[in-house]
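Asks: Can you read through this structure? Questions will come right after.
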Amino acid sequence: MGFGSDLKNSHEAVLKLQDWELRLLETVKKFMALRIKSDKEYASTLQNLCNQVDKESTVQMNYVSNVSKSWLLMIQQTEQLSRIMKTHAEDLNSGPLHRLTMMIKDKQQVKKSYIGVHQQIEAEMIKVTKTELEKLKCSYRQLIKEMNSAKEKYKEALAKGKETEKAKERYDKATMKLHMLHNQYVLALKGAQLHQNQYYDITLPLLLDSLQKMQEEMIKALKGIFDEYSQITSLVTEEIVNVHKEIQMSVEQIDPSTEYNNFIDVHRTTAAKEQEIEFDTSLLEENENLQANEIMWNNLTAESLQVMLKTLAEELMQTQQMLLNKEEAVLELEKRIEESSETCEKKSDIVLLLSQKQALEELKQSVQQLRCTEAKFSAQKELLEQKVQENDGKEPPPVVNYEEDARSVTSMERKERLSKFESIRHSIAGIIRSPKSALGSSALSDMISISEKPLAEQDWYHGAIPRIEAQELLKKQGDFLVRESHGKPGEYVLSVYSDGQRRHFIIQYVDNMYRFEGTGFSNIPQLIDHHYTTKQVITKKSGVVLLNPIPKDKKWILSHEDVILGELLGKGNFGEVYKGTLKDKTSVAVKTCKEDLPQELKIKFLQEAKILKQYDHPNIVKLIGVCTQRQPVYIIMELVSGGDFLTFLRRKKDELKLKQLVKFSLDAAAGMLYLESKNCIHRDLAARNCLVGENNVLKISDFGMSRQEDGGVYSSSGLKQIPIKWTAPEALNYGRYSSESDVWSFGILLWETFSLGVCPYPGMTNQQAREQVERGYRMSAPQHCPEDISKIMMKCWDYKPENRPKFSELQKELTIIKRKLT
């Protein structure tokens, strides 16, 4: 197999091959040039980062820190990586790229040489085998005519007896020319035959084989170039691997348990002797009736001591109850953190638990403070009880002197203690609250589908809906539906309302048959149809009978097969978000729910869809449907082309005009006014949770934290992760969410909008921002922000919720501002 033996008549294909290879080499050359540029820029960026860090790290703590050592080594190794990448880029330029450029020129020369030789030998072959033979054949035919003419004239001369010799001479001459030409033709024909054989058997194959040899040599050269490129650009070379090994080793040397040992040694202070708190006996120098550390029981104090004892007993009991609640909250949070820790996939996922761990430590501090208060109240109560019991049944002795002073002092002490208790009681009030479920319900009524339909097509099959949502759908005796277990994918459950209770029966699958406790069936629809039509009890013990199938809301239910997942758009709180396509070619956004999420998070995932089902507004992201027929569950939303508002602001900051920013704010106000009218509290209003659609229409999105409350107020335990910089003080302090707290968040959204995507409270941590707000601090308006907008922000950030404007007022004010800019 080879060019010479198999490609004799494939000249055009060979030319196309060479053209294609030249284009490929040009593409490779362009790619390598861009790779060199990219690597140089990457190396330069790394070096700039290291230089910047060096400037910012000039101030060092005066103790030895393993974290600092590790960080310093990471910077040093990053600098080393920068130098390596720069060297690699230079080697790539002087090596593979330079050789590839030379090879392209050689390739072009080979092509040119091949075309020239091929044209030459082909022209020679055509000349010998066609052109020259055709000329001889034409002359041959002409001489035959001339000879025949001379022959006829010779015969005529013989017949007439005139000029016979002359005619004979002409005849002989014509015959001689013909015979000589005949010999030339025979020789030329023989030569043409041999030339043709030589052309196809030797000359052309030799040219093609020569071309193939050069082609293969160039492939060999290209392979060498690729090999050198691979070695130079490899990220697993020994020098690069060593860089990362050094970094990894430095990270492994970080030991949280010993990190602060040196710091403690450097800054250790000797324990100061505690000052003893004793009764100041100098107070008694001018009074003989009072004794140090003794409760005075007499006719003036006996009654007040009883009141104080009763008050202290009540205070102690309340403190003990608070302490019990706090300790339960500690145990609950510890359990929650432990469960979350088990689901962490990466070491860095521990960051997600830090806020919860901080909340746990704060709870423990509160517990300790309450224990201290309990011990104090107990000691005070014991002291009072001892004095009261000592004098039980006795008549209080009279006080001769300073009755009024004694009464005043006693009264003041009582007031001080009561005041102190009140301050303690108020400081710990509202810490422990129970979260409320906010899942709604929907009314459904339809008849059962025939058992021949697949399970997913049965009206009474609701897919992987949460247990609590299934229970809300069951209202009357005999109401039933089938669902996939939310906690155990692949397991199916029959949910029934019977005798005032909502019962849940796992559908058993044994020996390829579905059953409860009686007859088995090959599929679930047949099993349910049997119990529904025959009214046979589900189990003898329960006596439950199926009467009313509860159909699913078909308006929103989609099949997984109706959606084709496309590119990954990003990651949400519960799973990935993809671009998808419906059967009618509609582009949508598909939110997925990870199958390994805890049950409570899966319920929250579907909560967003349940809320959005009820809404239809141009400034609220639209729900298309949900896919709950099997795991993983999908929420299908309209695809909003502009992406999230925060990224949009940062990307378009040089293009956005003031009028457009006001329009965005007005859109947000309109959307929130609509939500307020539906008694919906968003709880997480921020630029990152808004989307920008066609014609720059802003839409409120991400209802994962939202709640619907008839009273317009939602209480939270306060132990969950919340967006602190966007959340109102009353929500942070007491877990009280309302439309007024959403107004506070709207003010932060305004600040984000007119700062073009800057993070609120720049330079502050969450805790610092929270403390500053409590002290009365409010962010100043962003640069170029209109004064009217700044005033609206300040109104939104009024500490008292009742003083904040309504969304209807905000919409009116923003409309006026927009008109002024027109």
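We number each residue from 1, going along the chain as drawn.
The backbone N, Cα and C atoms fix where each Cβ goes, and this holds for glycine too.
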Asks: Besides LEU569, GLY570, LYS571, GLY572, ASN573, PHE574, GLY575, GLU576, VAL577, which of LYS552, LYS554, LYS591 does Swiss-Prot list for that ATP site?
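Replies: Candidate in the recorded ATP site: LYS591.
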Asks: Where Swiss-Prot marks phosphotyrosine, which residue is it, choosing among TYR114, TYR402, TYR777?
Replies: TYR402
Asks: Near the Cβ of LYS571 (ATP binding site), how many other Cβ atoms are there if near means within 10 Å?
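Replies: Taking every protein chain into account, the count is 10.
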Asks: Using DSSP and three states only, what is ASN573 (ATP binding site)?
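Replies: The residue in question, ASN573 (ATP binding site), is coil (DSSP, three-state).
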Asks: List the helix, strand and coil residue totals of the domain 'SH2' (460-550) as derived from DSSP.
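Replies: The counts are 18 helix, 29 strand, 44 coil.
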Asks: Other than its own, how many Cβ atoms are within 10 Å of the Cβ belonging to GLY575 (ATP binding site)?
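Replies: Summing over all protein chains shown, GLY575 (ATP binding site) has 21 other Cβ atoms within 10 Å.
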Asks: Averaged over the whole of the coiled coil (301-390), what is the pLDDT?
Replies: 85
Asks: List the other residues in this chain whose Cβ sits within 8 Å of the Cβ centroid of the ATP site residues LEU569, GLY570, LYS571, GLY572, ASN573, PHE574, GLY575, GLU576, VAL577, LYS591, in sequence order.
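Replies: Sorted by sequence, the hits are THR592.
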Asks: Around ASN573 (ATP binding site), how many other CB atoms lie within 10 A of its CB?
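Replies: Step by step: centre on the Cβ of ASN573 (ATP binding site), count other Cβ atoms within 10 Å, giving 16.
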